[in-house]
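A.B. asks: Supplied in structure tokens, the structure appears directly below.
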Amino acid sequence: MKLFVGLGNPGARYAGNRHNIGYMAVEAIAADHGFGPWRARFQGLTSEGRLGSEQVLLLKPETFMNLSGQSVGEAMRFYKLTPADVIVFHDELDLAPGKLRLKQGGGHAGHNGLRSIHAHVGEAYGRVRLGIGHPGHKDAVAAYVLNDFAKADQDWLADLLRGISDGAEALARGDGAKFQNAVALRMQPPKPEKPKPAAKAPEAQAPEAAPDARSALQKLADRFR
């Protein structure tokens with residue numbers, strides 16, 4: 001079994017926040033791949049289904065971001081999972097809006113949700129870092145992540161979530177390259193081929209003159225008419 005965790009804060013007031021893009025990612029997977037209804041478990045909401053041959057549990061911790069590790073740890077212990085079975089979708093200030101990167105293990109880079117998961121299960125789990133951009137100054141970060149995505153962000157956000165859903169099966173079986181390709185195809189669709197120039201029609205040739213059947217005497221007479 002794989003555990004896909006989407007980080008965010010519970011409640012309608014936070015639903016459209018940049019900080020909740022992890023929730024949005026797992027919700028898109030659930031909707032597009034026929035997962036079961038969301039149920040309250042492990043201090044969060046879970047939905048079960050399959051991605052290809054892999055059984056997958058989607059988890060949205062409802063502990064609020066800073067305590068996400070409590071929910072993740074509880075689910076892992078119940079299913080006897082290791083950090084290698086876990087992939088966490090989270091917002092990433094250090095990536096431009098719409099950019100996506102995979103990471104296995106490593107530090108939490110100051111992200112409070114990841115910090116909590118580190119404290120409960122260690123750092124060896126996988127992450128899908130979802131770029132939301134940076135407000136430009138560290139003092140503006142809290143307000144920035146707890147505000148909704150702007151209208152101008154909606155197109156790339158929709159494409160990113162569709163790409164994540166497209167590539168979810170590849171991600172579940174460990175094919176990170178194919179997952180990233182699926183996202184890239186949504187974010188940068190192939191350019192339409194330029195129409196080939198129409199072949200030139202062959203130029204019409206002037207009809208050949210009919211041979212002159214007049215006798216030499218008739219030709220001479222015609223000159224003096």
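Cβ atoms are placed via backbone N, Cα and C, with glycine included.
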A.B. asks: According to Swiss-Prot, which listed range is region 'Disordered': 100-141, 184-225?
C.D. replies: 184-225
A.B. asks: What is the biggest Cα to Cα gap, in Å, among TYR14, PHE64, ASN66, ASN112, the residues listed as binding tRNA?
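C.D. replies: If we measure all Cα pairs in TYR14, PHE64, ASN66, ASN112, the largest is 16 Å.
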A.B. asks: Between PHE64 (tRNA binding site) and ASP91 (site 'Stabilizes the basic form of H active site to accept a proton'), what is the CA-CA distance rounded to a whole number of Å?
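C.D. replies: Counting only the Cα atoms, the answer is 14 Å.
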A.B. asks: Could you tell me which three-state DSSP class ASN112 (tRNA binding site) falls into?
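C.D. replies: The residue in question, ASN112 (tRNA binding site), is helix (DSSP, three-state).
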A.B. asks: Are there recorded positions among TYR14, HIS19, ASN66 that sit within 10 Å of ASP91 (site 'Stabilizes the basic form of H active site to accept a proton'), Cα to Cα? If so, list them; otherwise say none.
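C.D. replies: Near ASP91 (site 'Stabilizes the basic form of H active site to accept a proton'), where near means Cα within 10 Å, the recorded positions are HIS19.
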A.B. asks: Going by DSSP, is HIS19 (active site, proton acceptor) sitting in a helix, a strand, or coil?
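C.D. replies: Once the DSSP labels are grouped into three classes, HIS19 (active site, proton acceptor) ends up as helix.
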